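Enquirer: Take a look at this one; I'll ask things after.
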Amino acid sequence: MVFLLCFFLVADVSYGINGDCELPKVVGFCRARLPRYYYNSSSRRCEKFNYGGCGGNANNFHTLEECEKVCGVRSRDSPKEN
């Protein structure tokens, strides 16, 4: 029983979300429309958006793979287009 409790506590910590991933999506105030990905904490998925090119925050990734790796998204979760 103690083993199971320890296992679930460790598993929960290992899938914790990076603090940057909890930041809201920020398009920025320029008009470049660069394809990027951000972690949507509501859907618990990385989603595509168009980044303006300036401003923004750390929840802004060049690739889906980078977003999933940094934010701990499991591969069974599919991306959602925005």
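Any Cβ shown, glycine's included, is placed from N, Cα and C.
Dumping what Swiss-Prot says about this protein:
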DISULFID  CYS21-CYS71  disulfide bond
DISULFID  CYS30-CYS54  disulfide bond
DISULFID  CYS46-CYS67  disulfide bond
DOMAIN    21-71  domain 'BPTI/Kunitz inhibitor'
SIGNAL    1-16  signal peptide
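Map the listed features onto the structure and describe their local environment.
Expert: Annotation for CYS71 (disulfide bond): spatial neighbours ILE17, ASN18, CYS21, TYR39, CYS46, criterion Cβ-Cβ under 8 Å with sequence separation of six or more. Classification of CYS71 (disulfide bond) by DSSP places it within a helix.
For the recorded site, CYS30 (disulfide bond), the DSSP three-state label reads coil. Over all protein chains present, the Cβ of CYS30 (disulfide bond) has 13 other Cβ atoms lying within 10 Å.
The Cβ neighbour count for CYS67 (disulfide bond), using a 10 Å radius and every protein chain shown, is 24.
Taking the domain 'BPTI/Kunitz inhibitor' (21-71) as a whole, pLDDT averages 98 in the prediction.
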Enquirer: Cα-Cα separation of CYS54 (disulfide bond) and CYS67 (disulfide bond), in Å?
Expert: 19
Enquirer: Provide the number of Cβ atoms within 10 Å of the Cβ of CYS54 (disulfide bond), excluding the reference atom itself.
Expert: 10
Enquirer: Of these disulfide-bonded residues, CYS21, CYS46, which scores lowest on Cβ atoms within 10 Å?
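Expert: Relative to the other disulfide-bonded residues in CYS21, CYS46, CYS21 has the fewest Cβ atoms within 10 Å.
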